[in-house]
């Protein structure tokens, strides 16, 4: 049952901007399950499959653009790569620091508050840019936001959506770009960590639950992003921050 709960938490919190890693760590503590970074990474791979389904149209469009040698699509891929670099470098250089943060609920509590603030401000931001209109500097800025999302308590979807809106992307485009740029990072981290674990029926069930609940949460996030109702999650993150602070 605990593995089903963790899979459900991962799927719902990975895309809803409330930090899946922060919730997994907190609930592992509450349910007396020893935090396992490798198992968490495997669940991230399960939700990665949900991302691919969600942005499948954009992925196909990009691939067609590359095969037909359209310059703007090569430029878009380069921007996505640029957005990926900061998190990759930071994760490689400070891997031990990142892993240690998973055991400190006080730190996680602070990061939940960072997520809450970014979501509250996001509802007030407006943008008109498409994928092809952002600059390489814009892509780097969004990537820097993704970099700090490595820490538990900071929502990757929430903070990168905030970054994309900050540089002027239209709301739905900002959401889609957030997930497109997340694919390489989640895939890399997942492969790196899952090589350390042995697959069993429990973790596979967790992965399936994470995938299905992830698809549901993506649809919810899309609707709330467009309707500018992300502050709902901001209030929730403040509540979780308080709980994590006193539990820790």
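Glycine too: its Cβ is placed from the backbone N, Cα and C atoms.
Distant neighbours of the transmembrane segment (4-24): 31, 33, 35, 39-40, 43-44, 46-47, 50-51, 102, 108, 111-112, 115, 119, 151-159, 161, 205-218, 220-221, 230, 233, 236-237, 240, 244; these residues of the same chain sit at least 6 beyond its ends, with a Cβ under 8 Å from one of its Cβ atoms. Summarising the annotation, Swiss-Prot assigns transmembrane segment to 4-24 (among others).
Under the heading transmembrane segment, Swiss-Prot lists 40-60 (among others).
Residues or ranges marked as transmembrane segment by Swiss-Prot: 74-94 (among others).
Remote same-chain residues near the transmembrane segment (101-121) are listed as 17-19, 21-22, 25-26, 29, 35, 37, 148, 151-155, 158-159, 162, 230-231, 233-235, 237-238, 240-242, 244-245, 247-248 (criterion: CB distance under 8 Å, separation of at least six residues from the stretch ends). Swiss-Prot lists 101-121 (among others) with the feature transmembrane segment.
The feature transmembrane segment is assigned by Swiss-Prot to 134-154 (among others).
Annotation source Swiss-Prot lists transmembrane segment at 174-194 (among others), citing sequence analysis.
Under the heading transmembrane segment, Swiss-Prot lists 201-221 (among others).
Residues 16-19, 22-23, 26, 29-30, 104-106, 108-110, 112-113, 115-117, 119-120, 122-123, 153, 155, 158, 161, 171 of the same chain lie 6 or more positions beyond the ends of the transmembrane segment (228-248) yet place their CB under 8 Å from a CB of it. According to Swiss-Prot, the feature transmembrane segment maps to 228-248 (among others).
Highlighted: of the candidate stretches 40-60, 74-94, 134-154, 40-60 has the greatest count of Cβ pairs under 8 Å to the transmembrane segment (174-194). Same-chain residues lying 6 or more positions outside the transmembrane segment (74-94) and placing a CB less than 8 Å from one of its CB atoms are 62, 65-66, 131-132, 134, 136, 138-140, 142-144, 146-147, 149-150, 177, 180-181, 184-185, 188-189.
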